Amino acid sequence: MHHFHYRNGRLHCEDVSLDDIADAVGTPVYVYSSATFRRHARVIGEAFEGMDCLIAYSVKANGNLGVLKTLAAEGCGADVVSGGELKRARAAGIPASKIVFSGVGKTREEIRLGLGEGIHQFNIESAAELSVLAEEAQALGRTAYVAVRVNPDVAAGGHPNISTGKAGDKFGVPWDDAEKAYDQIAATAGVEAVGVDVHIGSQIDQIAPMRAAFERVVSLIKRLREKGHSISRVDVGGGLGIPYRDTDSPPPPAEYANMIRDVTEGLGLQVILEPGRVIAGNAGVMVTEALYIKPAPERTFLIVDAGMNDLMRPALYQAHHEFMPLRERGASDETTTYDVVGPICESTDKFAAERTMPVMEQGDRIAIMSAGAYGAALSSQYNARPLVAEVLVNGDKFSVVRRRPSFDEMIALETTPDWLS
Ligand SMILES: *Cc1c(COP(=O)(O)O)cnc(C)c1O
């Protein structure tokens with residue numbers, strides 16, 4: 001469900017025409033729907049109604065402050081994977097008591113930041129990290145509340161590059177070492193075990209692998225409790241998939257919630273969720289303009305003004321995104337087949353190959369759909385292109401929530417060594 005639709009022949013986000021935004025802000029530009037963000041947060045909240053549940057939105061999916069503030073107002077917490085994301089979440093008004101800190105390589109400085117803020121939970125991924133956390137907690141005279149991220153050895157995720165729960169993946173403490181990690185925590189000052197954490201991948205379109213992983217986690221929680229560890233939380237990570245194509249049918253949040261309700265039944269656990277994509281994915285599009293149409297042997301290239309630096313998912317994961325022209329076409333309008341490419345000097349700078357779509361003209365605009373998660377968040381200035389702008393829509397209003405930097409701003413961090421000046 002999202003709030004991008006045609007009205008009077010023009011694609012709108014809520015009550016705002018995307019053409020009006022593109023005219024005002026230029027292209028490429030990301031456009032986010034507040035209503036869609038809010039709706040997704042509410043649907044997930046309602047699915048878990050009656051359970052003790054913390055929705056810790058995964059900031060890495062889309063960490064724009066406008067987005068974070070929108071979700072904070074819905075009562076969401078945050079899952080952060082860096083000190084920068086922790087600062088973003090706090091700057092957006094998300095209380096530290098709703099923040100969990102994940103990630104396989106937290107630096108000492110980042111750990112100190114989390115301790116100083118007094119966050120809800122550190123998700124620990126190795127014995128070595130645990131030692132550093134304990135040292136820093138002792139030095140600050142604080143207690144760090146810890147969940148060990150375990151690797152349940154379950155394959156999942158929409159692409160090998162986004163599977164994180166197999167034995168060979170870098171993530172999580174190996175399954176057979178998990179209990180030892182809790183013994184280490186019990187024997188160490190400054191750290192207190194409160195939960196078990198798992199996150200097996202992203203864009204997961206089946207319930208079964210998640211259920212398998214969570215059942216393993218629950219069996220571990222029961223064993224840990226028998227050994228005297230007081231485990232009161234389970235962090236089930238993120239990973240729920242979204243429909244990128246009309247034919248995709250990922251499990252709805254209610255089915256996911258019912259599975260978790262079932263698996264954790266009677267254990268009195270706080271359930272921590274770390275949804276990213278399922279909240280942000282369909283809440284954003286990227287609007288781009290056709291620069292040139294270039295016929296070539298065997299194919300025609302539609303060259304647009306957005307590049308892989310602005311939306312990396314197709315180049316990184318062979319991801320599929322639907323396109324919607326901003327000007328609505330009729331069912332009888334002519335279609336053709338394009339390779340949709342950007343201006344970047346890389347052959348992977350391609351948003352789609354042999355895509356059947358309406359005939360386009362120079363200057364026509366399209367929305368690249370489902371770009372709200374891992375879109376702007378992964379953007380770069382490659383090819384000395386300014387960072388893509390971001391706009392947040394709310395009803396009939398829109399606001400530029402990240403403007404494009406000027407050229408001077410782009411080079412402001414660079415200095416000329418004295419032997420060159
Ligand atoms: C990326 C990530 C998430 C969010 O994953 P989605 O597939 O976007 O829901 C949650 N938890 C951790 C630890 C992650 O790395």
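Note that Cβ sites are derived from N, Cα and C of the backbone, with glycine treated the same way.
According to TrEMBL:
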type	residues	note
BINDING	Gly239, Glu274, Pro275, Gly276, Arg277, Tyr374	pyridoxal 5'-phosphate binding site
BINDING	Arg277, Arg313, Tyr317, Glu346, Tyr374	substrate binding site
DOMAIN	30-372	domain 'Orn/DAP/Arg decarboxylase 2 C-terminal'
DOMAIN	36-280	domain 'Orn/DAP/Arg decarboxylase 2 N-terminal'
MOD_RES	Lys60	N6-(pyridoxal phosphate)lysine
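Checked against Glu274 (pyridoxal 5'-phosphate binding site) by C-alpha proximity, the recorded positions Lys60, Arg313, Glu346 yield Lys60 as the nearest.
For Arg313 (substrate binding site), applying a Cβ distance below 8 Å and a minimum sequence separation of six or more within one chain yields Ala319, His321, Ala371, Tyr374, Gly375, Leu378. The 6 Å Cβ screen around ligand 1 retains Gly276, Arg277 from the binding-site residues Gly276, Arg277, Tyr317, Glu346, Tyr374, ordered by sequence position. When the Cα of Lys60 (N6-(pyridoxal phosphate)lysine) is compared against those of the binding-site residues Gly239, Arg277, Tyr317, Glu346, the shortest separation belongs to Arg277. Regional average pLDDT for the domain 'Orn/DAP/Arg decarboxylase 2 C-terminal' (30-372) in the model is 96. Taking CA atoms as the reference points, Glu346 (substrate binding site) and Gly276 (pyridoxal 5'-phosphate binding site) are 29 Å apart.
DSSP gives Glu274 (pyridoxal 5'-phosphate binding site) a coil state; it is part of no helix or strand. Sparsest Cβ environment among the binding-site residues Tyr317, Tyr374 (other Cβ atoms counted within 10 Å): Tyr317.
Among the residues Arg277, Arg313, Tyr317, Glu346, Tyr374 said to bind substrate, no two Cα atoms are farther apart than 27 Å. For the recorded positions listed here (Lys60, Arg277), the lowest count of other CB atoms within 10 A around the CB belongs to Lys60.
DSSP classifies Lys60 (N6-(pyridoxal phosphate)lysine) as helix under the three-state reduction. Each of Ser58, Ala61, Ser202, Gly238, Leu240, Val278, Ile279, Ala280, Ala373 belongs to the same chain as Gly239, Glu274, Pro275, Gly276, Arg277, Tyr374, is absent from that list, and has a C-beta within 8 angstroms of the C-beta centroid marking the pyridoxal 5'-phosphate site. The Cβ of Gly276 (pyridoxal 5'-phosphate binding site) lies under 8 Å from the Cβ of Tyr57, Ser58, Val59, Lys60, Ala61, Asn62, Asp79, Ser202, Gly238, Ala373, Tyr374, each of these being in the same chain and 6 or more residues away along the sequence.
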